[in-house]
Amino acid sequence: MTIMNIQYIVECLALLREKKPLVVNITNYVVMNNTANALLALGASPIMAHSQQEMAEMMSFSGALVINIGTLDSVWTPRMHFAVEQANLNNKAVVLDPVGCGASQLRTQVARQIAEAANKLIIRANASEVIALAGENAQSKGVDALDSSDSAVGAACYVAQKYQCSVVISGETDYIVTQDAQYKLNNGHAMMPFVTGMGCTHTALTGAFAAIGDESGVVATAVLGVAGEIAAEQSAGPGSLQMNLLDTLYQLDEETLTRRLKLTVNA
């Protein structure tokens with residue numbers, strides 16, 4: 001795994017816009033529009049494919065698979081498992097968003113099953129979800145975290161080892177735990193959690209960068225954090241933030257990303 005630095009992150013943004021990778025999303029009803037538009041604004045190509053009948057074809061030519069369990073049910077679960085099998089067969093990364101893990105036994109069980117099955121895995125979650133994945137007691141209110149991101153770093157280290165993956169913890173401070181290093185990013189804005197699907201957007205962008213290279217979640221976290229920060233400065237509230245975020249992702253340039261990014265690496 002490459003140790004990420006600001007120059008590498010900037011180069012990945014340029015490469016994504018050049019390659020325009022296709023990202024397969026099995027995601028929830030609430031955020032499909034948000035995440036598809038964010039992927040398009042950044043320069044990727046989203047497809048919201050949920051049918052098991054076409055998944056083998058989709059994974060043969062796409063760049064990565066995003067699985068979001070936000071509106072989980074008995075119909076979606078086998079489709080998700082089959083999609084992971086196809087991603088493994090095609091050596092594609094799987095980005096898992098274990099929405100509400102810890103809030104119900106079903107969500108926790110399915111999240112762990114997917115994490116166990118995926119060969120090339122990145123987990124993007126809030127602190128409570130990461131702690132629940134690790135098997136510890138977490139405080140959650142539905143799909144929202146009541147634990148702070150820094151309190152979940154130890155659990156993230158355990159999860160990263162258990163599933164041989166990278167773990168992205170979203171919060172006031174974002175943390176990424178890989179097999180080789182830990183990263184801390186201090187971008188973003190306090191208004192961002194008031195837009196539904198912001199974490200799901202984070203997961204989708206992680207899938208886009210995973211489709212073009214050696215992504216662990218650091219690049220997507222950096223890009224969304226800086227873009228969200230800029231968009232919030234131009235917004236009166238969550239409604240305008242949602243629109244301004246798309247514009248900022250579309251307009252984000254290398255100089256702005258380099259200048260504003262607050263990244264700490266512990267290798």
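Just so you know, glycine gets a Cβ as well, placed from its N, Cα and C.
Taken verbatim from Swiss-Prot:
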BINDING   M48, G197  substrate binding site
BINDING   R124, S170  ATP binding site
Which of M48, R124, S170, all binding-site residues, has a Cβ with the fewest other Cβ atoms inside 10 Å: M48
Cβ-Cβ neighbours of G197 (substrate binding site) (radius 10 Å): 21
Inter-residue Cα distance where the pair is G197 (substrate binding site) and S170 (ATP binding site), in Å: 12
Where S170 (ATP binding site) sits in the secondary structure, as DSSP reduces it to three classes: strand
Pairwise CA distance, R124 (ATP binding site) versus G197 (substrate binding site), rounded so that it is a whole Å: 13
